[in-house]
Amino acid sequence: MSTEPVSKRLAAGASMPAPSDNVLTNTQNAVHEALQRLGYDDTVYELLKEPVRVLTVRIPVRMDNGETQVFTGYRAQHNDSIGPTKGGIRFHPNVTLDEVKALSIWMSIKCGIFNLPYGGAKGGIICDPREMSIVEQERLARGYVRAVSQIVGPAKDIPAPDVYTNPQIMAWMYDEYSRIRELDSPNFITGKPLVLGGSQGREKATALGVVIAMREAAAKLGKNMQDLSVNIQGFGNVGSNVALILHEMGVRVTGISDAGGGLYNEKGLNIAELIDQKDSFGMVTPAYQNVLSNEDFLLQPCDVLIPAALENQIHSGNADQIKTSIIVEAANGPTTPKADEILMHKGVLLIPDVLANAGGVTVSYFEWVQNNQGWYWTEEEVNQRMEDLMVKSVHNILQTAERYRVSTRLAAYMVGMRPYAEAMRWRGWM
Ligand SMILES: NC(=O)C1=CN([C@@H]2O[C@H](COP(=O)(O)OP(=O)(O)OC[C@H]3O[C@@H](n4cnc5c(N)ncnc54)[C@H](O)[C@@H]3O)[C@@H](O)[C@H]2O)C=CC1
Ligand SMILES: O=C(O)CCC(=O)C(=O)O
C-alpha cells in the first residue's frame, strides 16, 4: 500500500499541471479553420463560435451538517438548428464556464459526424462529489434540475452522464423533472438505469466505441489488435470499460491511471483484479505501491495511448516524449493544439475525441428513441447499430483528412460542423 493519504494523492491528481491552454479559444480557432476550409463566410462562424444559449444557476443545498452550501452550475446549448440539444452533466471542482461551452461545441461536432438529429449541449456543476454524502449528491442533482428546468426537456435539451455522474444521478434527475412536469418523462435524460428506461449497452457504449475506433485505426496501419500494448489514462466509466473490453479481447493493457497516479507493467496488468478494487469514482491506485505520477505515466511506452480522463493532458511539454504510434482520444479535449502539431510531425495517428468517444452519445440517442417509442432493443441490436455508425464515421474522417490534406481533428471538425451550417441556411438564419 502507498503510505501517502488518499486525500493528498487525490488532490495531487486533481491539480495535475494542465497548461493554461483555454479549451474554448482552442476550439473556436479550430471551428473557424474548419468553416473556412469548407468555404463558409464568417457569419456562419459568428453563430457557431459560442453556444446559442447559456444558463448559469446557483443551487442551494442543505448539507448533512445542517448548513446550506450554494453551488454554481451551468448548462450550455450550442446549436439547435437540427433538433434538440444533447450532452452530459459533469460534477467536478474544476468545472468552468469556458470548459462547459467548449464541451457543448464538441457535442455538436460528434452529433454532426454521426448524423444524430441533435445539436450539442453540456452541463457542469462546480463541486467535489468525492467529498459529499450520497444524500447531498441527490439534493444537488435535484436542485440542478429545478434550476435549469425551463430550458431542458425531451424536445429541447436532453442531458446524460459525464465525469463523476452516473446512472443513479440520472435517475434522481429524471424523477425530479417528471415531478416538475407532472408527467413521467423517461425521454428527458439518458444513461438511466435499465429498470427506468435505460438502454442496453449504454454503460459500456463510449468504451466500446473507443475500442472499435482503435481497431479501425490499427487496421489502417496494418496492425493486429492482439499484437498491441495499450496504456489508458483514467479508470472511470470509460477508461475501466475500455480496459475490460480490450482485456477480454486478449489485448495487452500495460498501463492504467486515475486521479492518484498510474500503474504500468510491460507484461500486462490484471484488469479483472483492478476493476474489483476500483471505487465508484474510478480510483484504484490507493490500493497499490509503485504508483507513477500522472506525468510519468503518460511517458510510458505503448503502441496505443488512450487518454480517458480530463482536458489538456497531452501538451507541448510532454507530447514530444510520448512513445506511441496511435492515440485514441476517449476523453474530451485531452490534447492541446500545440501537442497536435508535435504528434503529427512524429507520425502518430490520432483518432480525435469527437469521433472516438461518440459511441456514448450515439447509444444515448438510441435510448431516447427507445423511450419515445416505448419499444426496447436487445444489447446486440444496440451494439451492432453503434458499431456500423462508428466504422462508417472513422473511415469518413480518415478519407476526409486525406482528401483535404488536413489533420484528422480538422477533418472531424469539417465533417461535424457542416450539417449545422447547412441547417441554419435552410432555416433562413444565414
Ligand atoms: N461517460 C461517458 O459516456 C462519456 C465520457 N466522455 C469523456 O471521457 C472522460 C472520462 O469520463 P468518465 O469515464 O465518464 O468519467 P468518470 O468520472 O467515470 O472517471 C474519470 C476518471 O478519470 C480519473 N481522473 C480524474 N482526474 C485525473 C487526472 N488529473 N489524471 C488522471 N486521471 C484522472 C478519475 O480518477 C477516474 O478514474 C471525460 O473526458 C468525459 O467527458 C466522453 C464521452 C462520453
Ligand atoms: O450521452 C450523451 O448524451 C452525452 C455524452 C457526453 O457528454 C459526451 O459525449 O461527452
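Yeah, the Cβs are placed from backbone N, Cα and C, and that goes for glycine too.
Among the candidates Lys86, Lys122, Lys346, the one that TrEMBL lists alongside Lys110, Ser364 as binding substrate is Lys86. Classification of Lys122 (active site, proton donor) by DSSP places it within a strand. With respect to their backbone Cα atoms, Asp162 (site 'Important for catalysis') and Lys122 (active site, proton donor) stand 9 Å from each other. Taking a Cβ cut-off of under 6 Å from any atom of ligand 1, the recorded positions Lys86, Lys110, Lys122, Asp162, Ser364 reduce to Asp162. Neighbour list (Ser364 (substrate binding site), Cβ cut-off 8 Å, at least 6 residues apart, same chain): Lys86, Ile158, Ala160, Thr190, Gly191, Ser199, Arg202, Ala205.
Distance noted between the C-alpha atoms of Lys122 (active site, proton donor) and Lys110 (substrate binding site) is 13 Å. Within its own chain, Lys110 (substrate binding site) has Leu116, Gly120, Val354, Leu355, Asn357, Ala358, Val361, Gly416 as residues 6 or more apart in sequence whose C-beta sits under 8 angstroms from its own.
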